[in-house]
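Data first, discussion second: the structure below is written as structure tokens.
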Amino acid sequence: MRKFYSFAIIISLLVTGLFIHTPKAEAAGYNYGEALQKAIMFYEFQRSGKLPENKRDNWRGDSGLNDGADVGLDLTGGWYDAGDHVKFNLPMAYSQTMLAWAAYEAEEALERSGQMGYLLDAIKWVSDYLIKCHPSPNVFYYQVGDGHLDHSWWGPAEVMQMDRPAYKVDLANPGSTVVAEAAAALASAAVVFADRDPAYAATCIQHAKELYNFAEITKSDSGYTAASGFYDSHSGFYDELSWAGVWLYLATGDETYLNKAEQYVAYWGTEPQTNIISYKWAHCWDDVHYGACLLLAKITGKQIYKEAIERHLDYWSVGYNGERVHYTPKGLAWLDSWGSLRYATTTAFLASVYADWEGCSREKAAIYNDFAKQQIDYALGSSGRSYVVGFGVNPPKRPHHRTAHSSWADSMSVPDYHRHVLIGALVGGPGKDDSYTDDINNYINNEVACDYNAGFVGALAKMYEDYGGSPIPDLNAFEEITNDEFFVMAGINASGQNFIEIKALLHNQSGWPARVADKLSFRYFVDLTELIEAGYSASDVTITTNYNAGAKVTGLHPWNEAENIYYVNVDFTGTKIYPGGQSAYRKEVQFRIAAPQNTNFWNNDNDYSFRDIKGVTSGNTVKTVYIPVYDDGVLVFGVEPEGGSGENNSSISITNATFDKNPAKQENIQVVMNLNGNTLNGIKYGNTYLREGTDYTVSGDTVTILKSFLNSFDTSTVQLIFDFSAGRDPVLTVNIIDTTTSASIVPTTADFDKNPDASRDVKVKLVPNGNTLLAVKKDGEALVLGRDYSIDGDEVTIFREYLADQPVGRVTLTFDFDRGTDPVLTINITDSRQVETGVIQIQMFNGNTSDKTNGIMPRYRLTNTGTTPIRLSDVKIRYYYTIDGEKDQNFWCDWSSVGSNNITGTFVKMAEPKEGADYYLETGFTDGAGYLQPNQSIEVQNRFSKADWTDYIQTNDYSFSTNTSYGSNDRITVYISGVLVSGIEP
């Protein structure tokens with residue numbers, strides 16, 4: 001990908017030496033590789049249109065295939081917006097641009113993680129659609145679907161039946177905001193495809209140029225009306241004109257677009273009663289001037305853009321001009337109730353991008369990187385729960401999402417669980433006090449959206465770039481089918497000595513994927529032996545209907561005449577039955593089977609289909625496998641009686657099965673055949689016949705598909721065709737899953753001292769869980785067995801000679817197993833020979849100087865005034881105070897230039913209370929904090945409170961100071977290796 005920077009900036013950076021940034025020392029905290037791949041996978045579940053054959057799930061299907069038909073165009077494709085099914089092109093185009101920005105800024109990380117291909121697929125899925133929406137230079141279709149109609153129905157995308165009108169803007173009815181955002185999206189797509197598919201990139205550029213011109217010559221949103229109340233443009237269109245101009249410059253190198261981008265800066269919003277560019281909101285679908293500002297800073301190096309973006313990032317991190325965005329007690333930078341995590345994680349992405357730019361100072365880079373990690377870790381679980389579906393501890397299980405819920409009843413309460421896991425979806429997030437309810441009705445905190453994940457993906461890519469992680473091999477969403485998709489529930493309406501009347505409801509509760517069926521039928525089987533023995537025949541039996549919701553009821557039809565078995569055929573062909581509401585997912589029919597009048601030999605007890613419904617009366621019904629269901633003549637539910645004739649079709653007892661590759665759960669799959677007079681020629685996978693005796697066995701009417709054969713497949717959906725000598729060939733669909741427990745190691749962190757007097761081999765115990773260790777790797781390169789490490793049973797020894805060759809810092813070793821997620825060993829490498837006790841100076845102030853407060857906020861600045869480095873893990877700082885009412889207490893590090901995750905806080909109750917002190921807070925540092933170099937300073941901003949938020953009285957505390965900026969305080973004590981080096985103890 002091409003990146004453009006001004007010549008002046010490059011020269012300046014070369015002169016100042018700012019190209020080198022210190023590596024980040026914090027611990028990884030979470031598996032960013034897994035989080036990244038899942039966040040990208042989410043977009044596959046949002047796809048509209050004809051889905052590709054290589055899709056990685058079994059619960060999404062084709063949908064929205066008539067989009068655009070009302071205007072004579074093909075407007076299929078794109079993404080559904082959130083938990084609904086409208087295609088709003090403003091947030092969609094924004095989201096695609098953000099994904100392209102991630103590809104632009106974190107290309108190496110995405111390639112290394114194996115996720116670039118999936119990300120490019122997501123980008124192109126939208127850019128292809130946006131091109132369709134632009135049929136001529138000054139016409140753009142900006143929305144498909146009516147938000148009000150769409151929101152009035154709750155069901156899966158595959159079966160929606162409402163009108164889906166297409167809405168456009170043109171010269172007479174313009175929409176500069178959405179058109180310019182589409183231009184940005186296509187220009188950004190051109191940037192990432194420039195070297196991969198130049199022809200496609202050229203197509204994107206052509207459309208982007210035309211769209212930009214269209215937006216620029218109209219400069220109006222008067223025609224952008226259909227999204228009103230859903231995605232209004234509050235910030236206007238000038239921010240989009242700058243944003244799109246920047247991306248067109250990056251795509252083309254044409255400075256005309258860069259000049260245009262800068263020209264529109266004067267029209268960006270400002271803070272009230274000032275001329276300062278707005279900095280207190282966040283980059284989002286509505287306001288993209290923050291991203292434009294950041295890119296302009298990187299491209300031009302101009303101070304106006306640097307100051308503006310730093311003002312914004314400061315406001316979100318350490319505060320600007322005495323103000324900071326609200327922080328929840330557990331550390332989320334919280335802007336707004338609707339999608340709070342969307343704003344925090346997107347700002348985290350911007351912070352990471354800017355921090356990694358050479359024009360950002362070391363001090364600012366440390367602040368912004370620390371902020372970014374804190375916010376991403378919050379989303380992944382640092383508050384005690386994950387906010388990403390399918391990831392981490394206690395993730396959301398009930399997101400506000402129609403297709404993932406997969407209701408058949410047009411109801412958020414049916415079923416009372418989600419049938420599908422919406423892997424990777426970032427939910428809206430908590431309230432300003434960390435409160436959150438995982439409830440399907442909670443669309444404020446628990447809905448998901450394409451724009452929620454957009455900045456999140458980029459931020460995760462930057463986390464993976466810095467801290468690594470282990471993507472799950474062959475991640476997929478092939479789920480086990482957990483309920484019957486088609487079935488009949490039946491009962492007895494009435495019965496007499498010569499008749500029975502059946503009430504039957506044919507159900508479609510399909511979900512893997514949901515689908516509209518208009519060729520469903522079922523059969524009710526009867527035994528006419530008693531009638532025939534009385535001298536009658538099947539032709540003497542009459543079939544009538546009482547209530548009928550669209551079926552053609554015929555019969556009796558012969559099934560096995562030798563055994564007097566016949567059936568009533570109830571055929572709903574032409575009637576749509578689909579999981580879309582009470583009247584849609586089930587159709588009722590009431591039919592009567594009657595022998596001649598005045599006869600009394602009718603016997604229900606010997607009828608095949610009567611088995612489960614005997615005694616089921618008074619309008620009640622039960623599900624029964626003895627009333628089999630067919631889709632276009634193919635058995636999809638139930639069991640047929642033996643000896644069938646008619647169409648001479650064979651059947652199998654199950655048509656769906658699940659095979660688990662987990663060695664502890666692998667089982668053969670047994671299928672019972674109803675041959676119906678046919679013979680089994682063989683079983684086919686595609687056009688290839690399985691090998692009898694090797695892949696499967698046959699014993700009588702039972703076929704056993706062997707686990708050795710099934711285990712040869714990767715996780716996927718496999719269809720096995722039972723090839724019979726006559727009739728239709730039934731298909732067994734096997735969902736191949738893998739719940740194998742990944743291997744683990746003990747420990748996952750270790751220390752190594754390069755000092756020869758202290759160095760030791762690092763020993764690791766393997767917990768294979770049935771997996772096999774293939775290699776130990778560092779940065780993708782395998783260590784040499786026997787030279788770098790050894791294996792003895794389940795113990796791996798990393799040789800000290802290998803570790804002694806590694807630099808001081810953090811080394812990450814990946815244990816590469818044949819299955820599951822690979823565990824990682826992090827080794828903190830130090831060299832005690834380099835460490836001598838240094839001279840340290842501490843300055844502090846209180847972030848809160850109120851007499852009474854529920855939160856004490858000591859801020860420290862440590863400076864090494866000596867000539868040798870100080871290992872920070874040897875340093876302890878004590879702040880003395882009175883607790884004023886014994887309670888549990890909580891500690892937070894709001895920010896530190898060495899990373900808040902590298903700061904520890906311990907509350908110590910003093911054995912002998914002193915005046916002004918019965919407790920102290922001891923602040924320490926982890927190994928990841930590294931060293932404090934001579935003449936270097938670091939900052940630590942702490943905060944602590946009682947668990948019940950009752951007040952402290954600060955004025956009588958030993959260490960309390962009224963300083964509001966850094967100054968001396970000899971009542972703060974500092975220790976190095978347990979030795980007091982600064983301050984006076986009480």
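Cβ atoms are placed via backbone N, Cα and C, with glycine included.
It should be emphasised that the depicted structure is a prediction, and the values quoted were computed from it without experimental measurement.
What Swiss-Prot annotates here:
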SIGNAL    1-25  signal peptide
ACT_SITE  Asp84  active site, nucleophile
ACT_SITE  His400  active site
ACT_SITE  Asp438  active site
ACT_SITE  Glu447  active site
DOMAIN    481-642  domain 'CBM3 1'
REPEAT    651-738  repeat 'Domain B'
REPEAT    744-831  repeat 'Domain B''
DOMAIN    836-986  domain 'CBM3 2'
Overall pLDDT for the domain 'CBM3 2' (836-986), taken as the rounded mean: 90
Cα separation, His400 (active site) to Glu447 (active site) (Å, whole number): 4
Same chain, 6+ residues apart, C-beta under 8 Å of the C-beta of His400 (active site), given in sequence order: Ala82, Gly83, Ile440, Asn441, Asn442, Tyr443, Asn446, Glu447, Val448
Helix, strand and coil totals (DSSP H, G, I; E, B; other) for the repeat 'Domain B'' (744-831): 5 helix, 47 strand, 36 coil
Summary of DSSP states over the repeat 'Domain B' (651-738), given as helix, strand and coil counts: 4 helix, 46 strand, 38 coil
Those active-site residues listed as Asp84, Asp438, and which of them has the most Cβ atoms within 10 Å of its own Cβ: Asp84
Alpha-carbon distance [Asp84 (active site, nucleophile); Asp438 (active site)] in Å: 18
Cβ neighbour count within 10 Å of Glu447 (active site): 21
